[in-house]
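The active site, proton donor/acceptor feature in Swiss-Prot is assigned to D146. The Mg(2+) binding site feature in Swiss-Prot is assigned to N8, E382; the stated evidence is sequence analysis. What Swiss-Prot lists as ATP binding site is K15, H206, L207, G208, N209, G210, D281, L282, R283, G329, I330, G331, E332, N333, and the listing cites sequence analysis. Here Swiss-Prot flags R89 as substrate binding site. If you look up Swiss-Prot, you'll see H178, R239 marked as site 'Transition state stabilizer'.
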Amino acid sequence: MSKIIAINAGSSSLKFQLFEMPSEKVLTKGLVERIGLEDSIFTITVNGEKQKEITNIPDHAVAVNMLLNKLTENGIVKSLDEISGIGHRVVHGGEKFADSVLITDQVLADIEDLSELAPLHNPANIVGIKAFQEVLPNVPAVAVFDTAFHQTMPESAYLYSLPYEYYEKYGIRKYGFHGTSHKYVTERAAELLGRPLESLRLLSCHLGNGASIAAVEGGKSIDTSMGFTPLAGVTMGTRSGNIDPALIPYIMEKTGQSVEEVVNVLNKKSGMLGLTGYSSDLRDIIAKEEEGDHRAKVALDVFVSRIHKYIGSYAARMKGVDAIIFTAGIGENSAIIRERVLEGLEYMGVYFDAKRNNVFGEEAFISFPHSPVKIIVIPTDEEVMIARDVVRLGNVG
């Protein structure tokens, strides 16, 4: 038995989960929020009960020390020697990393070099890695990349129709994200279907505040909706998804905003929030639609129609689909959105059962038994994938 910590470090947050491996039992989990502010929030689950503390946590190093102290204080581990591996989520691995990797000084330098591709995320991930290195320098640490799973995409999927030298010189191409989630749910789908992953054509719909669709054929990602950044693809909570690129200079001209300001609008003030004008939360928008709000209805129609574009396109790319998977916050919990996405797909062999669709946050087949295309709800578990990779690469277990 070995104890593995899975870490997801954001710019002002640190999400953690402690696993006992190989049983994959979750021993504790928690979240440090508002790092760098005087009213930081530390939450940890001990014996099924949440403990919450508001205190001053000036940086990630202090957050890590506090987390490790809480593990010993609460008897979750007797000593820090019991921790045999650490797994870090890293958003961008570029073309350099097609798999998770044991962290060395060189790997850390490479992740730093890739920060220009993910300026909001990679620097925060690096801070998390370094904070743990200071406290547990001899414990093997593994980097698990959001982009790695999509490195199997063919050139026809990842190249943009731009001058080829932009790809060669600047690495401009589609990378795709949510890879750890897409990998987990497609592997789990194969188990639930009782079929080898290598024989399956799967559509994975990761629908949360950030959303992406992936076409997974034979266990390999062959295309995905996000692009060079997580701004591309379907309409999201606050992100625009795909737009006409000529709109950017046009908006700049009309509003007097800079490139950075327009990109900020596309990232943080667009999507469902932009369309409705009041919320990025689908629950609020569905409630407003029920009250007769026109913009709520339009926003939901846009959200669903963009998902349809990818389902149709990827079904054509794979010459058919064996199963459609719904995961992440909306995919796992919104029966209404699943129903709207699936309605009208009978032409491609999709027959969903409205009764079975009435599930929230649990694994379920929601298609009729006779449906040629199976529809499965699978709660994602990126943390367990991180823990598995630590066992696989860190020589622990």
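Keep in mind that glycine also has a Cβ here, set from the backbone N, Cα and C atoms.
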Where among the recorded positions K15, R89, H178, R239, R283 do you find the Cβ with the fewest other Cβ atoms within 10 Å?
R283
Which of the recorded positions listed here (R89, D146, D281) have a Cα atom within 10 Å of the Cα of H178 (site 'Transition state stabilizer')?
D146
Helix, strand or coil at E332 (ATP binding site), per DSSP?
helix
Between all pairs in K15, H206, L207, G208, N209, G210, D281, L282, R283, G329, I330, G331, E332, N333 (listed as ATP binders), what's the biggest Cα distance, rounded to the nearest Å?
24
Distance check against the residue listed as 'substrate binding site' for the binding-site residues L207, N209, R283, I330, E332, keeping those with Cα within 10 Å:
none
Which of the three DSSP states, helix, strand or coil, fits N209 (ATP binding site)?
coil
Under 8 Å Cβ-Cβ from L207 (ATP binding site), six or more apart in the same chain: what's there?
I307, F326, T327, A328, G329, I330, G331, S334, I337
Using a 10 Å cut-off on CB atoms, tell me which of the binding-site residues N8, N209 is the least crowded.
N209
